[in-house]
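Copied over from TrEMBL:
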type	residues	note
DOMAIN	45-294	domain 'G-protein coupled receptors family 1 profile'
TRANSMEM	30-54	transmembrane segment
TRANSMEM	66-90	transmembrane segment
TRANSMEM	96-124	transmembrane segment
TRANSMEM	144-162	transmembrane segment
TRANSMEM	204-230	transmembrane segment
TRANSMEM	242-263	transmembrane segment
Amino acid sequence: MERSLEQSNMTRVQQFILLGLSTRLDIRDALFAVFLSLYLLTLLENTLIIYLICSHSELHKPMYFFLGNLSCLEICYVSVTMPTLLVGLWTGPYHISFTLCMTQLFFFIVLICTECTLLASMAYDRYVAICRPLHYPLLMRPQVCLGLALSSWLGGLVVSVAKTTCIASLSYCGPNVLNQFFCDVSPLLNLSCTHVALTELVDFISAIVIFCGTLLVSLASYSAIGMAVLRMPSAAARRKAFSTCASHLVVVGIFYSAALFIYCRPSRIKSMDLNKVLSVIYTVVTPLCNPIIYCLRNKEVHTVLQKTFHWP
């Protein structure tokens, strides 16, 4: 009875205060200009890639189908997290309603889980293209590509529904200050005034399944590609293949290293400054670098760019 009275007397938090990326007035303006430029550049890069893939039939291939999906995802991804980052740098710490915070969290989880699965699908596509080229038209036919893309988006949606429901059902009685530039899992768990063991378990298991599962698929695919490349008789072909795989692995490695450090830990993260730095890596840096690594260094894309803009 006494416990129920205490719980009824607890005031549920109706809004949170996001401290933002930095509270230092002397660097906020400079950071705002930098991140606004990065945001616009990311939107431009990915929009250009989507336009090129849709408007040129020579890019209607499985690899570019997945790249188009990835570019759509990156546009949504940065548009979920970057606006609150920019507002925080422009105005300083600001209030965000509980509903809007949970909405941002929901879309963020959908997109980060979908990206993991898409990266694994792209790694598998390259494995089939290099290691089983004769079976490529069958194994990567349009129905298979569409199925992989749909399963990536639906898988992210299912995981996000489960995780967001668990986090939204927790009680938040104060304080309501989030030391982050967007509504993220760990800062919200740190503010909960109820037992979070079950929510942390759901978060940890889903992270293991999504992050580690897709990472293993990517590593297995690139390992098989590496072995196949070593058997190539031409030194020039080996250098070209290794250059492509190495650049892909850099993006995958940076993304997974930052994300796994945060989301595959069963305990709450105390070092929130480190959390913010790592969050910048996979919410800002990887969406910016992915188009450059996967597309803009590609000869077929260069050819299409030359045709589109009439470059010599």
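Just so it is clear, glycine is given a Cβ too, placed from its N, Cα and C backbone atoms.
Because TrEMBL annotations are produced automatically, they should be read as predictions rather than curated entries.
If one looks beyond the transmembrane segment (144-162) by at least 6 residues along the same chain, the residues whose Cβ comes under 8 Å of a Cβ in the stretch are 62, 65-66, 69, 106-107, 109-114, 117-118, 121, 124-125, 202, 206, 210. Tertiary neighbourhood of the transmembrane segment (66-90): same-chain residues 18-22, 28-29, 31-32, 35-36, 39, 42-43, 45-47, 49-50, 53-54, 96, 104, 107-108, 111-112, 114-115, 118-119, 121-122, 125, 145, 148-149, 152, 181-183, 279, 283-284, 287, 290-291, 294-295, selected by CB-CB distance under 8 Å and a gap of 6+ residues from either end.
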